[in-house]
Structures are given as structure tokens and as C-alpha cells.
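Student: I have a structure I would like to understand better, so I am pasting it below and will then ask my questions one at a time.
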Amino acid sequence: MMAKTLQGTQQQYAASGFPTQQYPTSGWTQSAAEILQLDNMDQDTSVVRNIIHRKIVEYLNERKEFCNFDLSFLMEIGKCIDRHLFEKADSKIKYMDLETLRTRLNAIVNSASFRGSMFHWSASAASSKLNSQQLPVMEVPIYHDRVTPGPNNLPSCAYNVSSTQGYNQYENCMGAANFAHSLADKPKQMPERLANTIFTSCASTLPKCSPSIDVLHIGHIKEHFSGDAYQNDSSQPSTSGSSSSLSAVWDQTTCSSAMRTLPMDSFSTVNGQNLSTNNKSLYPTTGQGPLLQQYIECEMKQETWSRSLEQSDQSNITTGNRDLYHAQIHPYINGEHKRDRCIQMKEKLGHTSDHEGFSREKSSNLSNHFMHHQQGFMTNYGACSPVSKTVDRAEQTSNSTVSKPTSPASDGSSGKHYPAKRLKVDVPHLVHVNEMEASKEQQPAANETYASAETVQSEVTNSPTKSPCCTSLGDNIACTDNVHGMDMVRLSGSAVQTEEEFRRENSDIEMKDAKVDLLDQTLSGDSLRARKRRGASVLYALTSEELKDHLCTLNHDTSQSKVPTEELLSVEGLPDQNTCNLCGMERLLFEPPPRFCALCFKIINSTGSYYVEVENGNDKSSICGRCHHLSSAKAKYQKRFSYAETDAEAEWWVQCDKCKAWQHQICALFNPKIVDPEAEYTCAKCFLKEKDNEDVDSLEPSTILGARELPRTRLSDHIEQRLSERLVQERQQRAIASGKSVDEVPGVEGLTVRVVSSADRTLQVQPRFKDFFKKEQYPGEFPYKSKAILLFQKNEGVDVCLFAMYVQEYGSACPSPNQRHVYLAYIDSVKYFRPEIKSASGEALRTFVYHEILIGYLDFCKKRGFVSCSIWTCPSTKRDDYVLYCHPTIQKMPKSDKLRSWYQNLVKKAVKEGVVVERNTLYDFFLQPTNECKTNISAAWLPYCDNDFWPGEAERLLEKKDDDTSQKKETQLGRLLRVAKRDDRKGNLEDILLVHKLGERLRTMKEDFLMLCLQQFCKHCHHPIVSGSSWVCTSCKNFFLCERCYAEELNTPLKDRHPATTKQKHAFERIEEEPLPETDDVDPTMESKYFDSRIDFLKHCQDNQYQFDTLRRAKHSTMMILYHLHDSTCSSCHRAMDQCLAWRCLVCLGCNFCDSCYKQDGESLHIHKLRQKKDHHVLQKYTLQDYLEGLVHASRCFDRSCTSKLCLTLKKLFFHGVRCHTRARGGGGCHMCVFMWKLLFTHSLLCDNADCSAPRCRDIKAYIADRSMTDLSISG
């Protein structure tokens, strides 16, 4: 994450590319009362904290002792003072008191302890600022928050203090003698950097092992910054790789060294020269002579120490990075040489040149646990004790150890933590950036990582270079005041981390053998198979042919949103760091999530103009151009264009451990959620070479859990078996039609049908409809079971989800009119079915397969005892997906007539096979009575299903009826009489009118509402015949009467008998009907928080970029979907399990067992060893106060990567409230909406903020005030 300074505004960008916060760099255009946000004041990103921080800087700048200081240095001092004031304040109100801020500040600054610690900082800062315009620059490493003295610019006072206080000059200069010889920018380009050099004079003022330092892991994560597409045209230094100044940001996991910029009189422009006697010309000839001698002596000592290891492991280093290699050497431990190898030097070495003619060496983030331990800091500072313990344990287990840093990144979806090893985040380009301004120096900003609950969200780490448009972070300064207890850290690009987090992260560090880096050069054959295990990609389970097919299709499946750039040459033989070596593309963009208009709730055109309301630098809401034209508050909206470009997020990357090349995670089919710190990642090309050389075997298929390994049910087995039989028959028909044998005709392979969700739900009847039929005792709710069924197909050895449908099953225990009814709610598919050929009947073969799945499901429901099925054939609109997120661009969305024809062909097949006995429309079956119908038609007889069309329409009609005036009611009564006379119906006149209005609404689109009869219905009473005997007309087709209606038929006059339109009457034949079975589900309940609702599943895919617009993305999305499915259910009993108590296999991916199965079967449950995660997190129970505080936070939080679980929950609740048709009405309604309104009312009663941003807060306050006034007037 980086910040860019444009026209006095510092804008911070999260990894998603969305602006998260904007603060004025100068001036106070808003008062604190207008922008108070008290919910996150414990964070540095708080607006209130930012205001007070800048006020502190303003006051400091007014003092004489700080007037000559650089502004950035004052900002860091102000930050530390602000943190101290916040921690020591009795309350937030006292901390926010701006009137007493100057007094409190002066009390701190005038204290003796503060002034004593600031003495040497002030001298160094002033000296640096005075000489910044004259002196060149060199970079010197700082070990553990301690700056090694520079050659000639260290003030004498600081040098003397270092000497008199017992500083070990050898230890203090060891790192400085071996700094990375990369020249900094010229003074005229970056003068501010020279003014920020601060020296810590003695050990007593050293900060603790920085709990405030941000994470910069040394794994394989790479971050693309703005300007990646213009590497050859920019003159700015790079910061995205290990050779950039990002290496100056300290790694809190490894306590690696940082770089600080120091001016000196002269320095050779030759890169890579050692500070030795042979290079005396590099050192200044005036002043600090003893210091120069110390540098030379230290260099000679380290060369002596490292000579033996240089000879033994010369292949790992180059001449250009000899100094960097020296920095890894440590004194003897237990009589042996130790070498710190956090990562291989060749992974990070290499350099890149810019237009100024200088080069930078790639430096490694060295793990300094051993150095820290040896230099005597662990005994003095409590924050380093975990490091000491880790090193002590490692020394006991191995004579030569290294630290393997891990970067736990939270997975909100499963509650797990996985290391961010090998990942890199691609940050999209900054939007609306002037190219001239892009060449200016940019100031570092507070690092904010994109950490969504279900997306690959990794923290920023070292990465290969290729990002020119960035600034050096080498001027960071760290100091502390041990009297006041403040950590005064000048790290603009870091976030605050507590000491507790530091301890926890260090406790996760795994120590391994340092000689493991030599295995890659020596092992071969069988021994190669015994190295680190794989498991991060499903490609390891593929054959060589499948791998080749997968690689061939990648070049054809790149998205149209790609950013074309020229192919860059590799550096020092390494692969191009900005190009995926699998697909050959650079930066690929995901399809942005759709924006909905806040007024009309329609999707805003992604390529057109729209308007946004900005609050605190973030987009609060968006409206379309049409609503903006009709809006009366146009001033508060800003016009924007094409959010398809501004909202798009770039694909993530991963680096191969073997060839060091970078690939898109999607191309590599890499699953970042199951990365094992001990596992290695090998790209497809390297793995294919190993397979061709017979050096390695692919994983066993059982170790990669795919669609076949999902739990089977009777429903899925029934559909699969029926589909397999029908495909065999269809293939034979194609062979006969083409005159070929069956083997010569292509067949369909690799299909898998699975039920991924089967959850019990309850549908609440909308209150107006319920009250309308209060006399008829209409039920208030309908229980049903929601099921999600998916179809997978093996495509080049990888599962791809092709088809999804959600159904609602109202069983025999459900009250009428939904008893024994099935509602086909949603159907969705993507066009990746293979082979793409025609069936024997002339339709597409994929259509044949989808029809057979639906017919198979209806057949299964019929056998279980269901009697009817309703379907609403409503096509989805563009970018408004039903189930699968983002469809291919080549797939056309069907219009209403096409979709209607598709369902009609389905029904014809079902009728032909006897699955459906009669096909009707909802209008003809219930709303349009025939002469044979002997019962009163009522709206209460229509099946009332969740998210169906007509229940919402009926509620709207009843709501409109309640709003009519008394004058209109007289007209309405006359209309009722006319309708009753015309239709000749009996019953409630209002019910008749409601049916009439529904009929008028459905008549023009009645073909879109199908009513399929799976069993015979009585033509007189319209009830299904579920048991006993029935009577069928011998002359008419499908004319059945139940036993009761047939008895009434015999008692009616002959002229009124069937058929009523003719004089000749038909005879009936008695048929004995077997009673229908109860609809009890034979399959177990399978609940999943991601798949129980199609809204939850769709949002889960949107949040995690599980898209299906290309085949490569469909493969990766399916892989992640399968991972979540396997990870959330027990592999033995297939029941939902508690993730905190799950037992997991370390070999088989996604193989998890619940605690009950493990207690029952133990180790015999699985062939491999199972391990239970010990540091599980207990689910948090929220109180009312938590919800109220979370409501305020969620209403102001526009960060898509917010890690607060309660914030995400409440945002989902708001989203549900917008879409819900049931809502909270009367004494019933949707229980989620009821909870939301109760929460809003409770908040409004307690809220005293006139400008509260919580939803409907002001409206509820006005409503309460009106009610209070009304009550007072009545009582008065």
C-alpha cells in the first residue's frame, strides 16, 4: 500500500484499490464535531486522532526548539505524543478537549525526561537538515531499532555518548560496515530524506523490540503499485521488490534490519564495493578519523569470519552482494558457525536500473533473531523474550538453525489462520493521476492491508522489483522515551501492532534446518520425492497430458479487462517479475461488483456516468444519472465515470519456489487458504518438467478432494444414475444417426451431481396478506427445506461448476396451500460444458443434460410424494447474476421468450416420460375458473412460495387498497359488484376483487408462471388425490374426480353432469390409488453458511472474486468452492462441524473430521495422522451494547476489507432489508427485519447526535417526537 501526494491531499489506497480515507494535509476545513467517529479511536486511522495529531504538530512547530525540524519528523513526534495522550487520558472526552491540548502538550514537552531523550535527536535532525542540500547520500543498516553511526555526519555529542555509555563499538558498527551499497537518489531529487536522519545515542533510549512496526514478510508476496505498466518510462526508484526501499520497513516477525539514509561527503557510484582498506577513497578524508578506522577494522574482521562459508557456499551469492552476505554472518554459537537463512539469497538478489544511471542491489530481509539474541537486547527488553525463547528452543534441537517466518492471515470464512507465504497482492493503478505529478516524490502512508473475511487477503511483503512510481522508505526513524512509556517511532508506512500480537506471531515461528537450502542442489531421484510436501494447487494431481492441456487453454482465456504492456526483459537470468509465466499476461483485472442505485435499486451502468455521495473521502452511496436528474439534493453528489475501471481489483500472484517465476494464482490454481508453511509451491511448468524427467510423481487422487469426494445423497445418486443412463441412450442415437459406432461418437465424461445444501427454513407470510384471510385462518408461516444442487464436470482434469439450482420443498407436514409442493426457485449455468456438440434431437447437448437433471429431480420428488411444482421463468438481467457470479461474455442471457421456450421443451419431455401428468399455468389453474370447477376460487389457494412473484404483487395490491380514501371505497364497492356479476362467483367480495386484480396482472405474462402436476388433481375441488380411489373419465384425457366429488356428481341433475357443455354425458371408471408416502427427507440435513441461501453464496463469491467469466477463473472458483464445502463438513459423517474442534489431515487437502467421529474411531478414522488446531477461536457472543456500537460503526464504515465480523453481519442485515419483500409489518413479518428495526429503534432512543449517520435514525427520532406530541395533546 502506498500513498500519493496530489495537490495537498494525501490519499491512501488499500490493496483493493478503493480509496479508504482522505485527510487534508494542511488546514482545518471541518470541525471536529462534524466528523467525530468515536468507534475506532483506538486506531491510528481515526479522524479524531488525525485532527489531534495535526494540532500537536502545529503546536510543536510553534516552539523554538522544533522550528527547524523537518515536518515529517515532527509528524512522528506528534504521533507518539498523541498516543501517549490517548493512553493516559481518563476518558475520550478529556482526550478530545482541544482547549486543553496545548497545556497537556507543553507539560509533556517541558518534562526533563522528554527533553533529555530529544537532545540527540534534535542535534542529528538539525545537522542533517543543514547539510541536506550539499551532501550525497548513502544507506546504512539499522539493527533492532539502533542506528549505526555514519562516517562523518554523526554529531560529536551523540558519538561521545555512545562511547561513554559503554556501547560496544564493534557490535554497533558491525552492520554499518556491511551496508548494501545501493546509492540513494540525488539531493536535488529527494532533499526531504536527508532531513530525517535521527540517531539513537545510547541503549537506555532504545525502543523495545518494536511492537509498533508493521509487517513486511519475507515470503513471496509481491505488490504492484501505480505505474507498473510504465517501468521503462519512469525515472523514479522502485519500491515493490526486495531491492527497493521497502526493505527498509522492518519485519516484525523476523526483526530484520532496516535501512536509513545518511549523508556523507563523497561516495563512489560504483555499486557493490566493500568498505575495506582497498576502497579508502570511499570514505571521507576529513573529520571522524577514528570512526573510519572502526569501519575498516570491522570490515576486515567480518571478511575473516565469512571466508570459510564463502568458499563452501559460493554458489548462493555473487560478488555484487558480498556485503549483504556478510550481514548474515554471526559470531560463534556453541563453537560452530551459524548462518541466518530466512530465505535464499538468490530469491531476492538481482538489480534493476533506472534512467539516472544508478543501480540497486536486491537485499534480503534477513532474520535477526540470532543477532538480536547475541547482541544482548533480549535480557533488557521484555518484548524480545519470545524471540529469545524461540532461539533457545531452536538451539536445543539443531546445531544449525534458521527461522522460517510465517505471516498468519486470517480467513474469516473458516476461522483459520494461514500463512501468507509466496503470495503477492496486485494493487490497481491509482485513478485520475497526472503523469507529471506521478514523477514527483511520494510520501509513505500508513499501511492498510485488504483483509476480507473470505478473499485471499495477505499482508504486504517483500517482492521482486518492477514498480518505478514509488518513494523510498529508507528515512524511517525509531526512538523511544522510556520515562513516559511512549514508543516514538517514525515509520510512516507501518501500522501499530501491540506487544501481545508480537508475542503471538513469534510463537508461531517454526525453526528448521539451515542446510535445507542445499537440498535443491544435491538431491535427485528418489531423494527428491522426500523433500517438502506439496499441496497448494490441484495441478499436482493431474497427469502430464492434463497439465499440458491446462497450459494451452490459459492463453485463450485471459479476460478482456487485461492491461496490455510490452514484455519486459528478465534481470540477471531471473524470469520477468511482472509477467505470469503460465499465461504470458501481466496485470489482469477482475470484473468489478455491480453498483446499485440507492434510490431506484437498479444496477448502474458500469461503463457510464454515475453520481456518488462522498463522506470522509469514501463513497457512501451511488445513484444513477436518472435519479440524480430527479433528485433535489444534487449538490452533495459528485459525478464519476466508468466504475468498471475504478472499482476493478487486480488478480493475485504467487511465486514458484523452484524457478522463482511469478504466476497468477488463478492460472496456477493456487489455494492460498491451505498453504502449509512447510509445503513448497512448484509451478505447473516446473512440475511438468519433473514429471517428464520422472523425478516426482503426482499426488494420489484421493489426496485432492474434488467434487466426487463431496458427500453423496439419495437425491444426487438418483439424478446421476438417471443422467448416466440417458446419456448412454443419447450417444447410441447419435451413433445410429451418423452411421458410426458408439466408440467413434464423442461422449460426455466427468459429470458429478451433488447436493451441497439441504437446510430447514420457515417462510413468514406477509402481514397484510395474513390479515386479509384472518377469518379463513390462513397459516402465518410455511416450513420448507431449501436445497442447492450443483453439477460439476472434469475439464482438463479440474472440476468446473457448470450448473446450479435452488429448490424449495414444502412437505406433507406443511399446511395448505403449500402442502406437498415444490418450487423451482433459481437455475443458473455457465457455458463450459464439453463436448460442445448437438444431441440426437438437434438441441445442444448441454441443454439435454440440464433438462435431464431437472426431470430427474422432479421424478425423485414425485416418488417421495410431492404432487405439484411451480416455476417462475424470469430471466436474469445483465450483471445481475442469480447463483454463479460473472458469466462468460460469449454466453448470451436469454430473453423471456427464449427462456419460456426452454422450459416448455423441458415440460414436454417430462410429460412424455410420465413424470409430469399435466401442465398448466398458475393463472389457468387457480385464477381462471372453468365450467367444471365446483369450488370457490380464492387467492388463498395459490401456493405461497419464498421469493415468488405473486405474493409480493398481492401485498402491493393490499397496501395500495389500504391507502385508498373513503370516497374511492364507494367506487370500489360498485366495482366489486360488477366483477361478482360478471364472474358469477360466490364468496368474499374483497377476495374476488383481489383475485381479479391478480388475474389482470398475470394474464399478459401467464406463460411465465408454470404449474406442473406430478400427481392427479380432482377437477372439481382442485385438490390432489393422495389416497383412496379415484374416478377417471373414459372419454376425456386426465379428467379425474376424487371420491367425495364423484359422489356429489351422482347427486347433481343429469344436465349439470360432466361434461356440462354437451347433452351426452361421459362415463367414469374407478381406479384404486395407492396412498402417497410421507415426504420425509431420507437425506440428512446439510447446512452451510455459504450455500444455504443463493444470496449468501452469491455474496460469498463476490467478496472473494470467485468469478466464472473465463474458463481459468471458473476452474479456480470451483476449486475454492469445493475447498469451502470440504472444509465445513465432516469427511466421515458429512455433517456440519465446529471448525474450532475439527481434526485435519496434514496430507490430504480438505480432509477434515468432526470431534465426535474422532472420539468414536480415533486414529483409525484416517490413514494419515490427524491434528486438531489448538489455538482455535471461540465464537464471540455479542451483547446489545456491542450491536449498538457495531451499528454506528457499520453505518460509517465503507471499507470493503473491514475485519470486524459484527460490521460485516450488520452490513448483510442492511442488504437484506433492502431486498426483503416480507419486511417487518404488524406483529409478524421477516424475523431478520424485525431484529433490524428493533435495533434501529433502540439506537434512536439512545442517540443524541442530530447528524447521526445510522440508517433511519433521524426519521425514527422525528416519528418518536411526533408521537410524543400527539400523546401530550391527547392527554392535555
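From the backbone N, Cα and C atoms, a Cβ is placed for every residue, glycine too.
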Student: Looking at Swiss-Prot, I827, D828, S829, R846, T847 are annotated for acetyl-CoA. Which of W872, W902 sits in that same site?
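Tutor: So the acetyl-CoA site in Swiss-Prot includes I827, D828, S829, R846, T847 plus, from the candidates W872, W902, W902.
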Student: Of the ranges 260-280, 953-973, 1058-1078, which one does Swiss-Prot list as coiled coil?
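Tutor: Swiss-Prot lists coiled coil for residues 953-973.
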Student: If you draw a 10 Å sphere around the Cβ of H1066 (Zn(2+) 2 binding site), how many other Cβ atoms fall inside it, taking every protein chain shown into account?
Tutor: 13
Student: If you count CB neighbours within 10 Å, which one among the binding-site residues H1058, H1168 has the smallest count?
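Tutor: Each of the binding-site residues H1058, H1168 was scored by Cβ atoms within 10 Å; lowest is H1168.
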Student: Would you please pick out, from the binding-site residues C1033, C1036, C1145, the one with the fewest other Cβ atoms within 10 Å of its Cβ?
Tutor: C1036
Student: Determine, to the nearest whole angstrom, how far the Cα atom of H1168 (Zn(2+) 4 binding site) is from the Cα atom of C1033 (Zn(2+) 2 binding site).
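Tutor: Their Cα atoms are separated by 66 Å.
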Student: Write out, in the order they occur in the sequence, the residues of the chain not among C1033, C1036, H1058, H1066 that have a C-beta within 8 Å of the mean position of the C-beta atoms of the recorded Zn(2+) 2 site.
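Tutor: Here the nearby residues are T1034, S1035, F1039, P1059, K1065, A1067, F1068.
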Student: Summarise the model's confidence over the domain 'CBP/p300-type HAT' (704-1130) as a mean pLDDT value.
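Tutor: Mean per-residue confidence for the domain 'CBP/p300-type HAT' (704-1130): 88 out of 100.
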Student: Check the DSSP secondary structure of H1066 (Zn(2+) 2 binding site), expressed as helix, strand or coil.
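Tutor: Its secondary structure by DSSP: coil.
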